[in-house]
Structures are given as structure tokens and as C-alpha cells.
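TrEMBL has this to say about the protein:
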type	residues	note
DOMAIN	B:4-60	domain 'WHEP-TRS'
DOMAIN	B:33-347	domain 'Aminoacyl-transfer RNA synthetases class-II family profile'
BINDING	B:D133, B:L134, B:T135, B:R160, B:Q176, B:D180, B:R329, B:Y333, B:Y334	L-histidine binding site
Number of protein chains: 2
Amino acid sequence: MSDTREQILEQIKVQGDLVRQLKATKESKEKIDEEVSRLLALKAKLGGDATPANQKFTLKTPKGTRDYAPQQMTLRQGVLDKIVQVFKRHGGEAIDTPVFELKEVLTGKYGEDSKLIYDLKDQGGEILSMRYDLTVPLARYLAMNKISSIKRYHIAKVYRRDNPAMTRGRYREFYQCDFDIAGTYDPMLADAECVKIVAEVLDTLDIGDYVIKLNHRQLLDGMFEACGVPANNFRAICSAVDKLDKSPWADVRKEMVDEKGLDGATADKIGEYVRLSGGAELVEQLLADEKLKAVPNAVKGLEGMQLLLKYCSLFGLEERISFDLSLARGLDYYTGVIYEGVLKAEPSAPASPVKELHNGDQALEQSGTVGSVAGGGRYDNLVGMFDPRGKAVPCVGVSIGVERIFSVLEAKFAASKVKLRTNDVEVYVASAHKGLHEQRLRVLNQLWNAGIKAEHSYKLNPKLLVQLQHCEEHQIPLAIVLGDAELAQGIVKLREVTTRQESNVNLADLPNEIRRRLQK
Amino acid sequence: MSDTREQILEQIKVQGDLVRQLKATKESKEKIDEEVSRLLALKAKLGGDATPANQKFTLKTPKGTRDYAPQQMTLRQGVLDKIVQVFKRHGGEAIDTPVFELKEVLTGKYGEDSKLIYDLKDQGGEILSMRYDLTVPLARYLAMNKISSIKRYHIAKVYRRDNPAMTRGRYREFYQCDFDIAGTYDPMLADAECVKIVAEVLDTLDIGDYVIKLNHRQLLDGMFEACGVPANNFRAICSAVDKLDKSPWADVRKEMVDEKGLDGATADKIGEYVRLSGGAELVEQLLADEKLKAVPNAVKGLEGMQLLLKYCSLFGLEERISFDLSLARGLDYYTGVIYEGVLKAEPSAPASPVKELHNGDQALEQSGTVGSVAGGGRYDNLVGMFDPRGKAVPCVGVSIGVERIFSVLEAKFAASKVKLRTNDVEVYVASAHKGLHEQRLRVLNQLWNAGIKAEHSYKLNPKLLVQLQHCEEHQIPLAIVLGDAELAQGIVKLREVTTRQESNVNLADLPNEIRRRLQK
């Protein structure tokens with residue numbers, strides 16, 4: 001092995017002293033040059049940075065981001081595998097897009113949230129931004145390739161310069177797992193399947209009780225119209241309603257009146273509607289509502305909800321869904337059904353910010369939620385925004401917010417003190433005494449070539465106890481112990497790590513015997 | 001379904017005309033306001049971008065990047081799965097790091113290539129850059145978490161503002177698959193395992209004949225010293241040698257002499273060495289070389305090579321490796337063994353730039369290579385550059401360049417005209433006649449709940465022929481055909497798509513029967 005950095009730094013110091021001494025004693029130029037050359041050679045060994053000034057900045061990942069250690073990766077891979085399984089069960093195909101897009105692709109798609117987009121520095125050439133979600137890149141992909149129908153999933157990281165709250169799973173770099181159905185189809189069939197997918201994902205992840213809230217953008221717009229909101233204020237008021245899952249009604253009302261110029265009476269009418277939630281009977285009640293039934297948008301939205309609820313009930317989702325007029329979703333591009341999967345608080349969990357509509361209104365507080373873990377909806381006009389002739393491709397989709405799910409699972413595992421295995425090694429190849437490293441390499445080669453997962457110590461003469469401890473710590477099921485006496489007879493000891501039972505196995509039969517043991 | 005974008009644009013036009021007409025005919029303010037409000041409502045329907053100006057920029061992905069369509073994703077996932085299998089066979093644990101780092105983390109690590117780093121725009125807060133490889137983030141991770149040993153793999157995209165050559169698999173956004181062994185161990189044991197991993201990956205991917213070239217940075221430095229290169233010029237001359245896989249010797253010599261100020265005689269001495277390649281016998285020959293044996297660095301490097309070649313031969317790699325004095329590797333941070341896996345040209349493939357040492361030298365030209373697909377080496381001082389006290393963690397690792405492998409495989413598949421399946425659907429649920437969509441949803445729900453991958457048309461009344469064609473196009477093995485007559489008896493038709501054979505199955509027994517069929 002080459003010298004360590006410390007050793008080289010020490011050698012540089014010594015050599016530097018020598019050079020200074022030679023110069024002080026006025027040695028021959030030839031002699032001095034020779035020693036200077038040695039000094040430079042030593043400095044060159046330090047690699048790129050010839051001056052060994054270690055950095056003065058704090059060693060950290062950028063704000064709002066994190067590394068995944070092996071334990072966390074194991075957890076994450078388990079979650080993603082289960083989600084992919086659900087997506088494939090519904091016929092999803094995978095696609096991938098670049099992590100950044102031309103900035104223009106993202107412009108005008110996110111409303112108030114555009115300020116959270118990460119831009120790349122202009123280094124000459126194109127102006128780029130990091131993707132903010134996977135939906136706009138999908139729309140760009142469909143328009144660019146003139147694809148009019150696809151059922152695709154996409155699992156990748158997205159980027160938002162938001163205020164991170166990392167303990168609750170809110171990051172600036174985070175995974176989204178998206179499933180979208182694009183194509184011109186009959187109403188609500190694809191939409192209901194997306195709701196079913198949310199339920200299947202949350203069921204398979206088994207992270208606690210949940211509810212899927214449903215609403216419809218056309219109904220929201222119709223309701224705003226019925227309450228007397230000017231049409232050019234729909235999106236702004238919608239954006240205020242969206243905050244009801246974090247802020248009490250009083251604050252939201254204040255935003256509507258003070259910031260968005262709504263008159264108080266109109267806001268109060270909205271307040272009456274957005275406190276409603278229920279099932280098919282609520283749709284009936286609203287279809288009979290005098291104010292709503294006069295507004296075509298509201299009637300269309302309610303009829304859509306009626307069909308959606310029927311399909312959801314055929315999918316066995318009645319107990320899992322709630323038609324909820326306070327659900328608004330932040331993004332501008334939705335045009336139809338919207339939904340959100342929300343975990344309910346564990347009875348023992350500490351109180352978290354819950355929706356309060358009016359002071360003293362306990363109904364929703366009791367159903368206290370720990371946050372949204374999935375969301376989506378219909379966006380029929382987004383692809384058309386990219387098509388030069390405005391050709392639309394209707395889409396509906398869902399996005400699973402896995403970071404919050406990771407947070408919930410990490411907390412669970414930390415509490416349970418179960419240690420997840422982070423490697424898949426099946427056999428550890430150990431030496432019983434000195435001088436066996438070449439034999440170890442031969443046996444390892446035999447095992448690897450047979451497809452068996454195997455490792456050893458990278459020391460020539462490791463202690464047997466240390467090797468066996470490694471197996472126990474890393475939950476490796478089997479160990480082979482090599483010794484001269486056995487090798488002379490063409491055999492090795494095979495040890496079951498948990499029981500510590502050992503038996504002799506012929507070297508030639510080793511891969512087969514290991515497979516037999518692993519199957520048990 | 002809501003109106004399409006085109007329909008809304010048409011409605012806006014009509015409504016706009018009406019408003020203009022009312023204003024022209026000086027209708028009452030109340031009347032005009034009412035119609036203006038309708039106009040605004042229509043505009044609001046278009047979502048975020050109220051002015052329906054479709055974009056004027058070209059729809060494309062950023063320069064040097066690409067989308068992965070489902071076919072390409074299937075290929076890519078197959079390659080990555082095989083690589084992960086090899087990494088896990090050697091006990092690798094996965095980690096992940098953010099896509100960007102504090103800019104300072106990357107500073108001073110890449111020598112001449114630093115100009116290729118993507119920077120993020122300064123939007124207030126930290127100054128960030130996109131990762132350039134996975135090695136520097138690993139070193140940052142180890143130093144930050146004070147980890148002194150790990151065997152980790154990391155599969156993720158990295159970013160370089162290079163001149164893309166996309167048909168040959170050179171992108172600005174591309175995957176790296178890295179396996180690294182960090183820790184203080186005995187010489188060459190971990191290094192030889194990395195070479196073994198390269199061989200296993202290239203064997204399992206079955207993309208043609210290859211050679212793994214090996215060299216040693218200490219030997220290179222010793223050889224430069226023996227030839228009379230001033231020590232402060234080692235890295236620059238090394239960087240010139242690195243270009244030998246793309247440029248002929250004459251050009252490289254010119255760079256050494258004209259740009260890097262080497263004298264011609266020294267360059268010619270280097271030229272004699274870098275044309276050498278071979279096996280253990282070459283090490284012996286060089287250990288006896290008068291010039292080299294006088295230089296401690298050269299002797300250390302050669303002794304290292306001797307040990308590495310011995311271990312590689314125990315791993316059965318003799319036919320796969322070549323000790324090659326022209327291998328230099330571009331990056332500054334290597335301190336010991338370096339290696340590169342290179343595909344040999346198919347006999348029928350067109351000639352590609354090959355290494356030419358001297359005019360008329362055919363030896364290397366005949367082994368004409370299509371390019372490097374894996375590379376790596378030892379870097380013992382990189383982690384120490386991040387540690388405030390300079391504490392080193394010796395590392396050795398390998399990076400698989402999968403984009404070139406994807407390119408090779410994509411070309412192979414395109415030539416073979418085999419269509420890869422891009423979904424895993426097992427059963428398609430079809431209607432034989434109108435009015436069966438609710439029955440379809442019931443059957444689908446039964447199948448999904450049983451874990452079976454199933455899909456249907458999202459149309460209420462699709463034609464049977466269209467449904468069956470979908471199955472054939474998408475290579476779905478089974479179809480269920482629903483009809484009123486059968487449903488009345490509690491049965492459905494189960495059809496094998498390739499043979500077109502149909503048989504009746506009880507609805508209750510459907511999931512079991514499907515599983516039986518799929519196992520066949």
C-alpha cells in the first residue's frame with residue numbers, strides 16, 4: 001500500500017528542512033536541485049491539491065438534502081420495490097427524463113410556487129432548471145414525441161428550494177413515485193384506477209390507517225362562482241383553500257379577505273361549503289343545493305364525483321375515501337378530479353397541525369392527520385401547452401410522497417431496534433491460522449463463479465475470532481473455516497453462524513452444499 | 001371529461017368577440033361586466049398560463065441529455081440489475097448522496113477537468129455544483145461520518161459539461177455504477193477483487209470480448225523520474241499519456257514537448273516505455289531495467305504489479321488482463337493501481353480511433369478497441385483531503401460506464417428487431433359486447449386484490465377486436481373475455497393470446513386458474 005497522507009506530509013516537512021539546511025550551508029547547486037526535486041516529487045504524491053491545506057468549510061450536504069446510509073437504503077429500496085410492484089400490477093411502463101429541463105419548459109406551470117425552482121448557472125449555452133416535479137417533464141415528453149396514450153410510472157428525485165422540515169420528511173431533494181394515465185378515454189375510469197393505486201400502495205406499505213380525500217376542480221370553480229368570487233380570482237382563492245390542511249379557517253379567511261380582496265360575506269359562504277365532507281349522500285345533497293345547481297361547472301363537477309364514487313365502490317374503496325370540499329391541491333394545472341392520501345395519526349402519536357375550520361369545531365380535529373403521503377388529479381391541458389398547435393392529451397395521475405413514508409418507517413425501525421441487514425453475503429471465507437490468504441482467494445473464486453455471495457477479510461492474517469464476529473455482526477448465515485489439516489484432505493469446515501455448528505465438506509462439493517444449507 | 005384546450009381557446013375567441021361587440025354598441029356596464037367575467041372564467045380554465053401563447057422554444061431535452069422510453073428503460077433496468085447482482089455477490093452495501101454538493105467539496109479534485117463541472121445559480125444561500133462523479137461524494141461521506149471502512153456501491157447519474165457524442169454513449173448526464181472498498185488492509189487484496197468485479201460485470205453483460213488494462217501510478221511516476229521528467233511536471237505528463245487511447249504518439253509527444261515544456265529526448269524515453277504491455281514476464285523485465293531499478297517509486301510500483309498479477313491469476317483472470325504502461329487515467333486523485341476495462345472491436349465493426357504509438361506500429365492497432373466501459377484505481381489520499389486532521393482512509397474502486405454498454409445493447413437490439421416487453425401485464429380483461437364496464441371493474445378488482453397484474457380498456461364500450469389486438473401488440477399472455485351469457489352462469493372465458501385457445505373458468509376460481517396458466 002502506498003504511504004498515507006500523514007506520512008507524506010511528514011516526509012515533506014523533513015525534506016523541506018533538509019533543503020533549507022543545504023541552502024543555509026551553501027551546498028552545491030547540483031546537490032540542492034536534487035533534493036528540491038525530491039521535495040517536489042513528494043508534493044506531487046498528494047494528488048491534485050499540491051498544497052495540503054485541508055478545507056475550512058463545514059463538511060455537510062447542501063441544505064435540505066441528505067445522504068442515505070446502507071440501513072436507510074435498505075429501507076428505501078424495500079419501499080420503492082413495493083410501489084413498483086403496484087405500478088406494474090396496473091400495467092405501468094417505466095420512463096426516465098433528465099434531472100434538468102430547459103428553463104422555459106417549467107415557466108408558467110407552477111403558479112406561486114415557481115419561486116422555489118432551482119436554476120443552473122449560465123455557463124454559456126442553454127438556460128436550465130432542475131425539475132420541480134415529474135408531471136411537467138412527462139407532459140414535455142408526450143408533446144415532444146407526439147405520444148397520445150401511455151400508462152407510465154417514473155420514480156426519481158425532484159428539487160424545490162422550500163423551507164425544509166427534515167424530521168417530518170420534507171426535503172429540498174426528494175423522491176417522487178408517479179403513475180399517470182394519458183389518453184382520451186371515457187370519464188372517471190382511469191381516475192378511479194389512480195385512486196385504487198393510492199389505496200394499494202398505502203395498504204402494501206402498512207404504515208397505518210389512512211383516508212383518501214377526493215374533490216373536483218370543476219366543482220371548486222362552480223362553488224366559487226356560486227359564492228360570488230370573481231372568475232379571475234378563482235386560482236388565488238383555490239390556493240388559499242389549499243392551506244386549510246395546515247392553517248385554521250380564521251387564517252385562511254383572513255388571507256382571502258385581506259390579501260386577495262374577497263368580501264367577507266363571500267368568504268363566509270365558501271367557509272360553509274369547505275367544512276363539508278362525506279360520501280355519495282353528500283353529492284346528492286349538493287346536487288339539490290339551490291346555489292350550486294344554478295352553476296353548470298358545479299353540476300358537472302358533482303356528476304363527475306358521483307361517477308367516481310360509484311367506480312371506487314366497485315373497487316372496494318368505500319371505507320377508504322372521503323369526498324372533501326376543503327381539498328384544493330396547490331398546483332395550477334389540475335382541471336378535474338383531485339385526491340390526496342393522508343395518514344391518520346396513531347392514537348399515541350403526539351398532536352400535529354390539524355385542520356380546524358372554526359374555533360371549537362372538533363370534527364376534523366378528531367380525525368387528526370399526520371400529513372399527506374400521496375396526491376394527484378386530472379390535468380387535461382398541460383400537454384397541450386407544449387404542443388405547437390395546442391393538441392391536448394388528457395392525463396390523470398398520482399404521485400406517492402415516499403420521503404414522508406421513509407420518515408415514518410425509519411422512526412418505526414429506530415423504535416423497534418431491529419437491525420436491517422444491509423448486505424446479502426451468504427458465506428464468509430475465514431482462515432483458521434496464518435498463511436492461508438491464497439487458499440481463501442481460490443475458494444472465493446470458486447464460490448463467485450458459482451454465483452454465491454461471498455466475502456473475506458482483506459488482511460493477510462486476520463484473527464479467527466475477529467472474522468467470526470464479523471459474520472455475527474453482519475448477520476451472514478454461513479462461514480467457511482480454512483485450515484491446513486483439512487485442506488490437505490481436500491475438505492473445509494462449514495459453520496452455521498447462529499448455531500455455531502460445524503461440519504466438514506468436500507471442497508469440490510462446496511457450492512452445492514452451500515446452496516442446500518441456504519434453502520433450509 | 002372537461003373541454004379540451006382547443007375548445008376553450010375557441011370559446012375564449014367567441015366570448016371575446018361578444019365583449020368587444022357589447023362595448024362597441026355601448027351596452028350597460030352591468031351587462032358588459034357579466035360577459036367580461038365569463039371571459040375571465042374561460043381564461044382561468046386554461047390553468048397557470050392565462051395567455052394561451054404556446055411556447056416558441058424548440059421542444060427538446062438539454063444538450064447532451066436524453067429521455068429513456070419504455071423500451072430503453074427495460075434494457076437499462078436489465079443491465080443495472082445484473083451489475084447490482086455482481087456488486088452484492090462481493091458484499092456491497094448501497095449508499096446514496098445528493099445530486100449536488102457544496103461547490104467547495106468538488107474544488108481541487110479534478111485537475112484540468114474542473115471546467116466541466118455544472119454549477120447552480122446563486123439564488124441566495126449555499127453555492128452548489130452538480131456531482132461530477134461518485135468518488136468525491138463518497139470521500140466526503142466517509143470523512144463527514146468518520147467511517148474508516150466500508151464496501152459500498154452507488155448507482156446514480158453524474159454530470160459533465162463535456163462535448164457529447166451521444167451515438168457512442170457519451171452524454172452530459174450519465175449513469176455511473178461504482179463499487180469501492182475503503183479501509184486499511186494488506187496490499188492488493190481489495191485491488192484484485194475490484195479487477196475481478198470488472199471481469200464479472202463484463203462477463204454477465206455478454207457484450208463481447210474485452211481486456212482489462214492494468215498499471216500503477218507509482219510505477220508511472222517512477223518511470224517519469226527515470227526518464228528525467230521534473231517532479232512538478234509528473235501530473236501534466238501523466239495527463240498527456242492518458243490521451244494515448246485517442247491520439248497517436250506523435251500528437252502526444254508534441255503536447256509533451258510544445259505545451260508542457262519537456263525536452264525531446266526525455267519524451268522519446270517515455271515513448272519507449274509506454275509502448276510496452278504484457279504480463280508477469282514484463283514485470284520481471286522491468287524490475288531488471290537499469291533505469292527503473294534505480295528509482296524507488298518504480299520498484300515499489302512494479303512489486304505492487306507483481307502481487308496484483310498473482311492474485312488476479314488466482315481469480316482466473318490471466319486471459320482477461322494486460323499490464324499496459326500506456327494506461328494513465330485522467331483523474332488526479334489516483335495513488336496506486338489503475339485499471340480500465342476496454343471492449344475489443346467486433347471483427348465486423350467499422351474501424352474506430354485506436355491507439356497508435358508509432359507510425360507503422362501495428363501491434364496495438366490490431367487489438368483495435370471500441371472504448372473504455374469500466375475504470376478505476378486506488379486513491380489513498382482523497383478522504384484525507386476532507387478530514388480536518390488529514391486522517392486518511394485508503395480506498396480502491398471501480399466505476400462501470402453503463403451508457404456505452406446501453407449503446408452497444410441498443411444497437412444490438414435494434415439490429416435483431418426483437419421487441420422487448422415494456423410491461424408485465426399477465427391478464428387483459430375484455431368485454432365481448434357493450435355495457436360490461438362495471439363487470440370489468442369487479443373482475444379487475446378481484447385480480448388486483450389477488451396480486452395479479454391486470455389491465456383493461458378505459459373506454460366504456462371498446463371493440464373486442466381492438467382489445468385482443470392490444471394483447472397481441474403488448475405480448476400479454478392471457479385475456480379474459482366477459483359476456484352476459486357466461487356471467488349469468490358465473491363463468492368467464494379465459495383465452496391464451498398466442499394460441500387463441502379459449503376455455504370457460506368459474507369466476508370464483510379465476511385467480512387460481514390464472515396462476516396455474518402462468519406457471520406453465
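Along the chain as shown, the residues are counted starting at 1.
Keep in mind that glycine also has a Cβ here, set from the backbone N, Cα and C atoms.
On the structure: features taken from TrEMBL.
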residue	record	DSSP (3 states)
B:D133	L-histidine binding site	coil
B:Q176	L-histidine binding site	strand
B:R329	L-histidine binding site	coil
B:Y334	L-histidine binding site	coil
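Residues near B:R329 (L-histidine binding site) in space but far in sequence (CB under 8 A, at least 6 apart, same chain), listed by position: B:D242, B:I338, B:E340, B:G375, B:G377.
All protein chains considered, the CB of B:Y334 (L-histidine binding site) has 26 other CB atoms within 10 Å.
Listed in sequence order, B:D178, B:D180, B:L331, B:Y333, B:Y379, B:L382, B:G397, B:S399 are the same-chain residues six or more apart from B:T135 (L-histidine binding site) with CB atoms under 8 A from its CB. Long-range Cβ neighbours of B:Q176 (L-histidine binding site) (same chain, at least 6 residues apart, Cβ-Cβ under 8 Å): B:D133, B:L134, B:H154, B:I155, B:A156, B:K157, B:V158, B:S399, B:I400, B:G401, B:V402. Counted within 10 Å of its Cβ, the other Cβ atoms near B:D133 (L-histidine binding site) come to 19, all protein chains included. Binding residues for L-histidine (B:D133, B:L134, B:T135, B:R160, B:Q176, B:D180, B:R329, B:Y333, B:Y334) extend across at most 21 Å, taking the greatest CA-CA distance.
Looking at the domain 'Aminoacyl-transfer RNA synthetases class-II family profile' (B:33-347) alone, the prediction's average pLDDT is 92.
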